[in-house]
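Before any comments, here is the structure.
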Amino acid sequence: MTATLPLLAPPRLSLRLFAVWRRNFFVWRKLALPSIVGNLADPVIYMLGLGYGLGMLVQEVEGVPYIAFLAGGTLAYSTMNSATFETLYSGFSRMHVQKTWEAIMNAPVALDDIVAAELVWAASKSCLAGTAILAVIALFGFAASPLALAAIPVVFLTGLCFAALGLIMTALAPSYDFFMYYFTLFITPMTLLSGVFFPQGQLPDGVRTVAACLPLSHAVELIRPLLLGHVPGQIGLHLGVLATITVIAFWTALILTRRRLLN
Amino acid sequence: MPLEIAGLVKRFGKGAEAKEVIRGLDLSLRKGECFALLGPNGAGKTTTLRCALGLTTPSAGQIHLAGLPVPGQAREARARVGVVPQIDSLDPDFTCAENLIVFAGYFGIRDSEIRPRVPELLAFAGLEGKENARIQSLSGGMKRRLTLARALVNKPELLVLDEPTTGLDPQARHLIWERLRRLTAEGTTILLTTHFMDEAERLAHRLAILDNGRILVQGSPREVIAAHIEPQVVEVFGEWDGSDNQAANGAAAWAAQHAGTLSRRCEISGETAFCYTDDAAPLLAHLAHQPSLRTLHRPANLEDVFLKLTGRELRD
C-alpha cells in the first residue's frame, strides 16, 4: 500500500512556512530602500500628476477633489501590482531559475508550505509598500481620518488575493514572457475598469456589471471610503469576495504547482 | 536502516503514453556505508532519489527513509537527511554564512544554535573565512562545497548526493572525496549518484549499476568487477600493416583476424579494440610483433563492467 500525495488534496500546511517567509523577508531587507522607493515612486507620481493635472479639469468627483478620489484607487491598484509582480517575476525566479524551491523541498518543508509562504510573503511585501504609500497620501492630507488605518488590513487582504491569482500564472508559466499576457489581458484592463481613475458609473451598463465583479473593484470599494473617512458600504460582500477568490485561487495554484513540480 | 526501497515502480504520464522510468527496484543501505548508484543518463538515478526523498509519489513499492515511511512521513524523514542536489541552488542574494543560517531555519534550527557552527561547517567545506563572501564570487567548486556544508546543517544520518563532482576540477573532486570519506568514517551513511567510475570505485563500499529503471548488478566494486568481467584488458589502437586489404588497416581489421583466438572477448569502439582476457601473455606476445599497433595493458575496472552491461551506444 503506497501513501499518496493527491494533487487535488486541500493545502497541508506547517509552521515551517514562516522559515520560507523569513528567507524572502531577509532578501527584501537587503534591498528594502530601493524596493520601497520603487514601489512608492511610480504610484505616487501618477497620483500627483493625474490628481493635480487632470484634477484642474475635472475639479470634483463624487463630491471630493479628484486627487482625493484618486488616492484610494492608487493604493488599491499599487497593492495589486506589487503582489502580482512579486508572485510572477520574483516567484518564478525562485521556483524555476534559482531553484530555491527545490533546495527548500530537500529540507523538511513541503511544497504546500513553500507556495503558502510565497502567498503570505507577497501580501506582506505589498502591505509594506502600501503602508508607505498610505503615509505619503496622509502627508498630502488625503487620509485625515483614523479610519484610514483600517485600510492597512484591507491592503493585506488585497495583496493575498492578487498573490493567489499570480501564483496560478507562475505555476503555468514556461518563461517570463508568458506574464505579458496576464498583464495586457487581465491586469491592465482591470485597472481601467475597477474605478481606480474614474467612477464605474461612467461605464456602459453591461460593462459596469462585469467590472463590479472584478477583484480590484472590491478592493477599491473598501479602500476609497476608508481613506475619505467613511465606513464602506457592503463591507461583508467585498471582504467575502476577496477572501473567497484568495482561497479558490490559492488552492488552484497549489494543484497546478504540485502537478508541475511533484510529478 | 538509513534507506530501504522495495519494489519501486515509477511511471510518468497516463494510459498509452505512460512511460515506466523505474521498473521494480530494490535497494537497502547499511548504516555507515557509502553506496553509489551508477547508470547512464536516463537510467532512473535522479528519479530514484526523488522517490526516496518523498519529492514525487511512486507508482508502486515501499520506501523507508531513516526508518519512516515515504511519502507518508517524508517531511519528518527529511529532517534527518542532507541533500546535495545536482543543480546549484544556493541563494544568490545571501552570503555563505547566510545561506547556511537560512537553510538551517527550514529544519527549525534556531539562529543562536547554527551561528556558532558556521565557521566549523565552512572549514569542513574548505571555505575558511568565507562567511561574508557573496555567492557570485565563488567558483563552481566552492559553490559545490558550500552546498555540501549546507547539507550538513542538520547533522544528517544519511547524506544524499546527486552527481556531487560533475563539472569540478580534479583538486575540488579530491577534496570532496576526502570529506565524504571523513563523513562515513564518522558514521554518516552516504548515497551518491555518479557518472565517474573512478569516483564509485574509490568511495563506495557498495554500488549498483542501474539501466532502464532496473538494477543490473549490485555489490562491492571488487565483487562486481570479479563477477562480471575478465580480469585483464588490452586496448589496441593505431595503424596495422599486417592487413592484406589496404583499405582496412586499423585496429578493427587486426581484431577481426586475431582477437577471436587471442582474447576471450573483444569490443570495438571507434578506433580502439578492447580485448578482455584471463591471461594476457599470449596476446601481448603476438602484439610485440606488430610494432605499428599501440597497446595498453591494464586490469579491468568498473568502467569496463559498466560499458559491458549498459552498452557503448550514446544515451541522451
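Every residue, even glycine, has its Cβ placed from backbone N, Cα and C.
The domain 'ABC transmembrane type-2' annotation in TrEMBL covers A:34-260.
According to TrEMBL, the feature transmembrane segment maps to A:31-54 (among others).
Positions annotated as transmembrane segment by TrEMBL: A:66-89 (among others).
Per TrEMBL, transmembrane segment is recorded for A:127-144 (among others).
Annotation comment: TrEMBL describes A:150-172 (among others) as transmembrane segment.
The transmembrane segment annotation in TrEMBL covers A:179-198 (among others). Within the chain carrying the transmembrane segment (A:179-198), a Cβ under 8 angstroms from the stretch's Cβ atoms is held by residues 50, 61, 70, 73-74, 76-77, 80-81, 84, 88-89, 92, 166, 169, 173, 207, 210-211, 214-217, 219-221, 224, all 6 or more beyond its ends.
Annotation comment: TrEMBL describes A:235-256 (among others) as transmembrane segment. Within the chain carrying the transmembrane segment (A:235-256), a Cβ under 8 angstroms from the stretch's Cβ atoms is held by residues 7-8, 10-11, 112, 115-116, 119, 154, 157-158, 160-161, 164-165, 167-168, 170-172, 215, 218-219, 221-222, all 6 or more beyond its ends.
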For this session: Could you give the residue numbers and ranges of same-chain residues that sit at least 6 residues beyond the transmembrane segment (A:31-54) on either side and whose C-beta is under 8 angstroms from one of its C-beta atoms?
Result: 65-67, 70-71, 74-75, 77-78, 81-82, 125, 128-129, 132-133, 136-137, 140, 197
